[in-house]
Structure formats: structure tokens, C-alpha cells
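Trainee: I have a structure I would like to understand better, so I am pasting it below and will then ask my questions one at a time.
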Amino acid sequence: MKKIAALFALAVFAVAQDASAQVLKTVKERGTLNCGANGTLAGFGLPDAQGNWTGLDVDFCRAIAAAVLNDPKKVKFVPLSAKDRFTALQSGEVDVLARNTTWTSSRDTSLGLNFTGVNYYDGQGFVVRKALKVNSALELNGASICVQQGTTTELNLADYFRSHNMQMKSVTFATANEAVKAYDAGRCDAYTTDASALYAERLRLANPADHIILPEIISKEPLGPAVRHGDDQWFDVVKWTLFALLDAEELNVNSKNVDEMLKSDNPEIKRLLGTEGNFGEQLGLTKDWVVRIVKQVGNYGESFERNVGQGSPLKIDRGLNRLWNKGGIQYAPPVR
Amino acid sequence: MSTDLRTESPPPRVALYNNPKVRSAVYQVGLCVIIGLLVYGAASNAIENLRRANIASGFGFWDNNAGFDISQTLIPYSSQASTYGRAFWVGLLNTLLVAGLGIFFATILGFIIGISRLSKNWLLAKAAGCYVETIRNLPLLLQLLFWYNAVLKTLPDIRDSFTLGGAVYLNNRGLFLPKPSPLEGFGWVQIALVAGIIAAIAFRLWAHRRQERTGRQAPVAWVTLALVVGAPLAVFLLAGAPLLFQSPQAGRFNISGGVEVLPEFVALLFGLSIYTAAFIAEVVRAGLLAVSRGQVEAAYSLGLQPRPTLRLVVIPQAMRVIVPPLTNQYLNLTKNSTLAVAIGYPDLVQVFTGTVLNQTGQAVEVVAITMLVYLFISLTTSLAMNIYNKRVALVER
């Protein structure tokens, strides 16, 4: 509600801003990046007991901070629920939204924001109790399903059951926490959300081993960061931060070897790391922007493995998120 | 003396800008103009900001397909065929249902506890005092979460439901009751009910008039019961009980058919009623204490028993003090029902300012509509209570 009120106040009272509001300049002057993050989803955005945020989306914001402010710690993370996230971005409370958000046409066009790319290709799945002996989502006819409000998940769920001529009862909650708790208490037969989150949420159930994730993936969920509409420069910075993370992985530049790579003769690496050309300056940053990102945060693959892959408790397979030349669909335009 | 007054010269003419009447009029008009300009500026600014940010505006979304499901719908609603407008009405009806029932139960419970707190029975009075002090000092949100978890955790899983002969099921998905569906001949029962209610009202009026004329009392309560409940029941049995009860059926996952009462609804209703009852109890106690002791003593000396004294002498006078703050509590309960969001009950705020706002992104329109709706509900409640207050207010002769 606070965020809605903020947007309301902004829409009504803010002086009409120049369409190309200078977010990049504001962030540099402020010295911190305001990043809208999840806050409750292990692997994507979650603060630990000491208040240190970790996650794939968190790393993405840290990469922007490294590129713009030369310090991945200069990020203020604002935890947002699915319901409030767009309003927080629209109202200017955050500079960038990196909160496992599905890119759809209506969100891109009518909410006043722009998606900058896809940092995780996901799809919607279901978790059920093993005791139900359900092996497929198609056997869920008549089930009660817990779901988080204000998500594409809520809509896909209705679509999926409608298109398969099945009945269900959805029970919606404002936050994923409440939905998972209700599922765990037996209020629903199944809980549905993006598959990546299912792995994370399952670990929080009382007895994770009593639950299984069904094989069906019922939707395309390209998750990506978003910025406000109308500031092309900032849009470019955020978009190219993601591409830089991917290009670095593709060229085998990682946090450990980046200093040696600066001496590389490979023209692609030279352009990426700014030893040749002025591509960073074209973005409004400095030549060595990618060096800073990779040194301080790592490349996409490092971030993936550390947060959701084999180096994490989630142990999610890279799957679709492998690079295009390794059997996946992560593909970034070149720096040149 | 009067001649002196007449011959006194008229007050000296003052300049227009020094005339207090003109001045105050100018100030008021000026203030109105400034407020008007501010509102206009804010509105046009909002429209301009939304346009620049490329955020959709207007009320076109109202007729768009909703595409999401709602767990409790009092009117037909489906994700594929219904619009955001329909979802709004579903949410509004859910709000009105829980607010209406909440007001009903909170009033009854509040009066019982308020009267108990003044009881001569030490245990009863202390118990009521304990209730009030505990309940009103704990945050409502906490109580709602407590009730929701109490409901969910203590009830059995759906596969181990409590059941009453396969007709009533109780489990952590809710309470499932048989659904009555009328057969041919049920119309007569409805006619008997309406006729019974009219007859009961007529009897009441007649009995009241007779009592004023002759002082003789009639057994109004028993006759009302016979007319409103007895007569329709007799017709119902005579017509061969033309009502079919559809029992809920246990399916593989869920129980379908029948009337379903959601645990979210029960938790919200419990929480709101119990919380508001604590405040109503204090209002009632204040009202009762405001009636002077002499009134009770006078009633006793006229030979009235304690019960009729309370009903005929104390409460009617206490109502004058009770009604205005009681209205506040009713309004509070209605507004507090928006905490439904926390426990997943699909009220107006959960459905409309939650899902619809998020799916359409039109915060300004959705929030404005919701605010207007709550304003309308509150003003209507307030109006009804003001009319009632006029009726019970002291008639000064």
C-alpha cells in the first residue's frame, strides 16, 4: 500500500519530468544504486542473517553498481512483493527492477517500463505432496492450488486448467511466503510458481523430502530486469551490463583471470575489456567498465553457479540458460 | 429612552475593503479558487505524467478479460469469461458480506460483554474485563494471523475430514454443507414466510396500541415466532418438504458441490468480530453507566424486575450515548476488513487493488475507485446510523 500511495502522490504532485530523465547522472551523484529485489527468494534475492544480499538478481544489480560506481557494495536493495514491484519502479523508488520478473508484452507496453533482456529463462511448474501419488500436472483436476498474487503465474494457472478442461480452486496470497506457508499447512494440494523458485521454496517446507516437483513446465517465463520507460541512456547501461556478463563468459573472462586477460591479443576480448576502442565511454561509463564488473562480481556463469547452480543449495541445472554455443539460448550481441 | 435610540446617527460608512463582511467573503472565495486551481493542477499534472511515462490510463480496462480466478464468488464468475469489472463486483460483495456479518456478530458479542462487565457476578464481570483488555490491546493483524493459523493448524487434513453422515465435512479447506435446492411447491413456503412476517408486524402494532389503550400486554415474542417460523414450517411439511439437499461429494483432491465456507472467510470474520466486540463492549458499558442510578431505583420502586428494568428503562436511555461511537466502530470494522489481504480472503482490496491493479498497472484509476467505494460504504453506514440516532435521541418537549 505504501508503494501504491507513493505512486499516487508522485503521479499527482510531481512536476512533470523531462521524458529522458537522467537516471545515470542521478545514480552517480547519489553514489548508490536503488535496486528493487525479491528479498525472500533464495538464489535470486535474499538477505542473510548479517544483511548481506545474495542471488542472481542481486549480482546483476551489483554488476551495474560496479560498472557505474566502481563498487558492487554501493547498492541499496529494496525488497518488493510481486504486487508492489511495478509501482515501485514507476514511482522512482528504485532505479532498476531485478526481481525475477517475467517479460510480457503488456508489462513492456502499458506499465511504463522497458525490459532490458533476459537473465534467466524459466517456466512455471507445480510442487505437490508425494503422498498424493500425482505424477503429472494433468492429474490435478479438481485440486486446490496456492498461488502468489499479481504474477503471470496466476494467469497461466487459470489458462492451463481452462485449456485442458480441468477444474481447480486457486487460493491467492499477497506474498510467496504466505502462499508457501498455506500450502505447507495443507490448505492446498499444490503450489505453483516459476520452476526456479519451486526449488528454492521447497527447501523451506517443513519436510522437503515429502514433496515433489511435477515434470510439466506450463509456460514461458523469461525473467529479466526492467527500467522506467523514457530514459534511453539508462536503458542502454542496464541492457549492456547484462550483455557484458554474458560476453565475458563466452570469451572465458572471469573474476580470476581478468587481469591476465587484459594482456590478451584477442580483439574481441580487447574490445570487451576496453584495451581497444572507447565502447564504455559511448555508454556514459569509463573504458574499463567490463573489467570492473567481472573483477568485482564475476561473469554470468560464475554468478549462476554461485547462486542457483552447483555451487548453491538449489543445484539447478543450467538448461536453457547455457550459452548459445553450449546448447542453451543465452546469446548476447557483441561489444564493438 | 427609545427615542434616543432612534435619533442616534447611523454608523459611519467604512471603506469597502474594511467592511468585515466583504473581507471574509473575499477571503473565502480566494481560498476556494486556490483549492480549485490546486486540484486542477494536480489532475492535469497526473495525466501528463502518466502520458509521458507511457502508462496506460482511462477506464478502458474495466471491460477487459480478467483471466485470473477468485476463490470465493457470490455471483457467477469465471477466469475466461469475466471482466475486470466483474472481478470488482465479486470483491465488493465479498467485502460487504464479511463486513455485514462482522457488524452483526460484533454487536451481539459487544453488548453481551459490555453488560457482563457491569454484572454483579464477580467472575462474569472479571472475565468480561479480561476479554476487553486483552483483545483491544493486541494488533488486529496479529489476531487475524492467529485465527487463520489456528483454523488451519487445528483442523484435520482434507483426507481425514470430520464428517457428519457424509453430508457435512469440516477440514482445513473449509466447512462444506449440503446445498439446498428448491423443488416444485417451494414457492408456497416463501409466500407463507412473507405473509408470516407481515402478520407479525401487524400483530406487534396492534399489541402496542392495545397496551397503550388498556395496559394489557400480549405475548408478542411467541406470536412472532409462530407466524415467522411456525407457519412457513407447517406449509413446508404440508407441501411434502419440497427441498432437495445436495450433499458435498469428496473427490480425489477436494470436496465439490454443496455450500463451501472458506477458512480465510471464517478467520477474517472471527478476527474482525472479536476485535471490534471489545470496543463495542466499552461503548456499551459507557452508555449504561451514563444512565443515572436514580432511573434504576425509580424502576425498582415501581415494581419492575431487573430484566425489564434493563430492557425498558436503562438501554433505551443508554442508546443515546451508545449510537454515535457505535457508528465509529462499524466504520472501523468495515475499513479493517481490508486486512483480508494478509490471509488470502478475496475482498475488494485483495482482488481489485491487488490483482487487478498489478495486471493492468493502472494504479491511479484503481486506487481512486477503491477509495470512492470505501467512502460510499462508510457514508452509507454513517447515514443509516444517524437516522437511527435521531430516532433514539432524547425528544425534548
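Cβ atoms here come from the backbone N, Cα and C positions, even for glycine.
Below are the features I grabbed from TrEMBL:
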DOMAIN    B:92-385  domain 'ABC transmembrane type-1'
TRANSMEM  B:25-43  transmembrane segment
TRANSMEM  B:87-115  transmembrane segment
TRANSMEM  B:185-207  transmembrane segment
TRANSMEM  B:219-245  transmembrane segment
TRANSMEM  B:265-284  transmembrane segment
TRANSMEM  B:366-388  transmembrane segment
Trainee: Which one of these stretches, B:25-43, B:185-207, B:219-245, B:265-284, B:366-388, has the most C-beta pairs shorter than 8 Å to the transmembrane segment (B:87-115)?
Mentor: B:265-284
Trainee: Please report, as numbers and ranges, the same-chain residues at least 6 past the borders of the transmembrane segment (B:265-284) whose CB is under 8 Å from any CB of it.
Mentor: 72, 98-99, 101-103, 105-107, 109-111, 113-115, 117, 128, 131-132, 135-136, 140, 143-144, 146-148, 150-151, 174-175, 318, 322, 325-326, 329, 332-333, 336-337, 339-340, 343, 345, 347
Trainee: Using a Cβ cut-off of under 8 Å, list the residues of the same chain at least 6 residues beyond the transmembrane segment (B:366-388) that approach it.
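Mentor: Here the qualifying positions are 88, 92, 95-96, 99, 323-324, 326-327, 330-331, 334-335, 348-349, 352-353, 356-357, 360.
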